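This report concerns only the one structure given below.
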Amino acid sequence: MYQREFAMRLVAKTGDPLFCRLSVNTQLLARVDHLLKVGKNNFRPPPKIDSSVVRIEPRNPLPAIDFKEWDGLIRLCFNRKNKTLGSIFRQKAVCALMEKNFKTHQALQGSLDNQADADLVMQLGDVTNDTSMDLDSGDFDTMDEDMDGSTIPSTFKDKGLAVLKEHDYEDKRSSKLTQEDFLKLLAVFNKAGFHFS
């Protein structure tokens, strides 16, 4: 038994106004069903909220995905769930984060042995002096859109947007995507060399 609003978020489906990260993550790992509403008048003293009973059955076997990667993608997509994915992946902060993750993953995989890969990483720019990710920088509105491409190299941003466009995700919104859409999106980004953890 949970507070009604929380329970409705657990069972929310694609397109529902309550559909959120909690819905996606819970439904990835379990089958969730709303069983019944429990009114506040069924308790003494009555609480200020209604409750609901939900059934949560863990999925067996679990999907074969990297859950850190999954969580990173879902966090980015649901930060502004009603924005298009193209708009989300154009943001300076998102591009900087993805570039940093790209470089870290490449370094960990040891694939920088190839000179072409090394040239690509050097071309993408150095984010060590990038203050767009600092929390103390003051105005958060400056992190939203990268209109002129001045901070984030356009080759990296364009590559991410090309992945979205190629698979018809650029104009879709997170709140309208299904579980399968998110799994496919994660797979195509990983295949293109983008990582979220």
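Heads up, the Cβ atoms here are built off N, Cα and C, so glycines get one too.
Per TrEMBL, the features are as follows:
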{"type": "BINDING", "residues": "Met1", "note": "S-adenosyl-L-methionine binding site"}
{"type": "DOMAIN", "residues": "1-60", "note": "domain 'Ribosomal RNA adenine methylase transferase N-terminal'"}
Exercise for review: Tally the residues of the domain 'Ribosomal RNA adenine methylase transferase N-terminal' (1-60) by DSSP class, grouping H, G and I as helix, E and B as strand, and everything else as coil.
Suggested key: 20 helix, 19 strand, 21 coil
Point to revise | For the domain 'Ribosomal RNA adenine methylase transferase N-terminal' (1-60), the mean pLDDT of the predicted model | key: 91
